[in-house]
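Novice: Encoded as structure tokens, here's the structure I'll be asking about.
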Amino acid sequence: MSKPLQIARLDANQADFGSHLDALLAWESVSDKSVNERVEEIIQAVRQRGDAAVVEYTARFDGLSVDSMDDLILDRARLELALERITADQRQALEVAAERVRSYHEKQRQDSWRYTEPSGTVLGQQITPLDRAGLYVPGGKASYPSSVLMNAVPAKVAGVPEVVMMVPTPRGEINELVLAAACLAGVDRVFTVGGAQAVAALAYGTESVPRVDKIVGPGNIYVATAKRAVFGQVGIDMIAGPSEILVVCDGQTDPDWIAMDLFSQAEHDEDAQSILLSPDAAFLDAVEASLNRLLGELERSDIVRTSLETRGALIKVDSLEQACEVSNRIAPEHLELSVADPEALLPLIRHAGAIFMGRFTPEALGDYCAGPNHVLPTSGTARFSSPLGVYDFQKRSSVIFCSPDGASDLARTASVLARGESLTAHARSAEYRIKN
Ligand SMILES: NC(=O)c1ccc[n+]([C@@H]2O[C@H](COP(=O)([O-])OP(=O)(O)OC[C@H]3O[C@@H](n4cnc5c(N)ncnc54)[C@H](O)[C@@H]3O)[C@@H](O)[C@H]2O)c1
Ligand SMILES: N[C@H](CO)Cc1c[nH]c[nH+]1
Ligand SMILES: [Zn+2]
């Protein structure tokens, strides 16, 4: 029998709960100076030496023996081949998931609008898609065909004409499902490049990689740090780092189900976070027993153990309302309300990337095929960020048309304000349009 799992047991009413929670939430490597320095060095090298640097870092970090960028480019024909190579079941699952993700995201599409004032002045907003989007699909420790769909489908729904995807293939192992998903979702070009070098290439462009307008998608600490560093040169969606799950349970769900829900995010990464809050202490014991009994059945039990022992916790609360308060403080990427009446708790939730309602809505269904996006804000950034969506691939331009009467009216107001700012040219430009 393997050694018992050392998962933190906390009580939200203990005096030192706040400091324990802060320690648990700190994603230490985020502020790790050596990561920042390494990423900065990679970005500068890619800016200065383009393809050569991308090839060099890919060989070093992904263990590939590649001579030139040609070895790292996959065109549409290769993506179509992948679609032929996967099994019929896999193709059907991808198609079902892609269709559900597409239908959900269609609802997010914003349309241009305008209105006309009595003077004949027209005001409005014109929506345009990005010209070119760069998708980062993680591939270091696991492959994510589902993340291809979650990134590419909203881009296509938004009408982005060119979608470029980066995905690492450690040791040269290509996942055909990833390429098949890219084919189905309409990705134009794939580069088998990952990490900070992929982000830098998309941000600045190289001889082979076209410079994009925005980079979206999740990734590890190197990817997240690089996205932060290139923001401004290009747009980014958010910082989507290691996965997180927070479960609020009334103690009435099968403990094995909850244990597996916690495992489901812990198995992504040693840095992933899984937290359970319940007012029922005996239930927390039961879940801990389930975690210990089921851990050995997982393929990635080593990663899961590290994740749960460093960033996991089972927390006793006084009530479900207190659980919601603690959850808001954490602002988790995924929140499961595994309770009899999730609707009653929903109004209490202010910060969460995605909210899974009731015992029959495990986060795993959202990861693959429910429809909403699984690229979500992590590390507490759900306080100010939202799920990846069609809106991330659309821009808004204001549209203003002044009729002669409308201009004359507006100019009187503008002139007063411009003179108050001592901006004479502004004032006179407006005043020329005043009717005598
Ligand atoms: N939020 C989401 O929607 C979502 C979805 C899927 C995965 N994830 C998360 O994405 C992350 C994926 O991480 P991953 O590592 O598997 O894949 P990744 O693609 O993010 O990172 C792999 C790359 O990291 C770089 N790298 C690795 N070690 C390095 C080093 N020492 N120095 C410099 N660069 C180095 C390499 O270039 C490699 O190609 C996980 O944390 C997972 O939880 C999040
Ligand atoms: N849970 C991840 C997002 O945080 C997404 C994912 C992909 N595959 C499985 N899970
Ligand atoms: Zn997941």
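Just so it is clear, glycine is given a Cβ too, placed from its N, Cα and C backbone atoms.
Automatic, uncurated: that is what TrEMBL annotation is.
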Novice: In TrEMBL, SER243, GLN265, HIS268, HIS334, GLU421, HIS426 are given as binding substrate, so which of ASP188, ASP302, ASP367 is in that site too?
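Specialist: Record source TrEMBL; matching candidate: ASP367.
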Novice: Within its own chain, what residues at least 6 apart in sequence put their Cβ under 8 Å from the Cβ of GLN197 (NAD(+) binding site), listed in sequence order?
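Specialist: Result: ILE42, VAL46, ALA53, VAL54, TYR57, THR58, PHE61.
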Novice: Looking only at SER243, GLN265, HIS268, HIS334, ASP367, GLU421, HIS426, which the record lists for substrate, tell me the maximum pairwise CA distance in angstrom.
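Specialist: Greatest Cα separation within the listed binding residues comes to 56 Å.
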Novice: Filtering GLN265, HIS334, ASP367, GLU421, HIS426 (recorded positions) by proximity to ligand 1: which pass a Cβ cutoff of under 6 Å to any of its atoms?
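Specialist: With ligand 1 as the reference and 6 Å as the Cβ limit, the list is empty: none.
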Novice: Provide the three-state secondary structure of TYR136 (NAD(+) binding site) computed with DSSP.
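Specialist: In three-state terms, TYR136 (NAD(+) binding site) counts as strand.
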Novice: Between the Cα atoms of GLU333 (active site, proton acceptor) and HIS268 (substrate binding site), find the distance and write it as a whole number of Å.
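Specialist: Between the Cα atoms of GLU333 (active site, proton acceptor) and HIS268 (substrate binding site), the distance comes to 14 Å.
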Novice: Give me the Cα-Cα distance between ASP367 (substrate binding site) and HIS334 (active site, proton acceptor), rounded to a whole Å.
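Specialist: Rounded to a whole number, the Cα-Cα distance is 10 Å.
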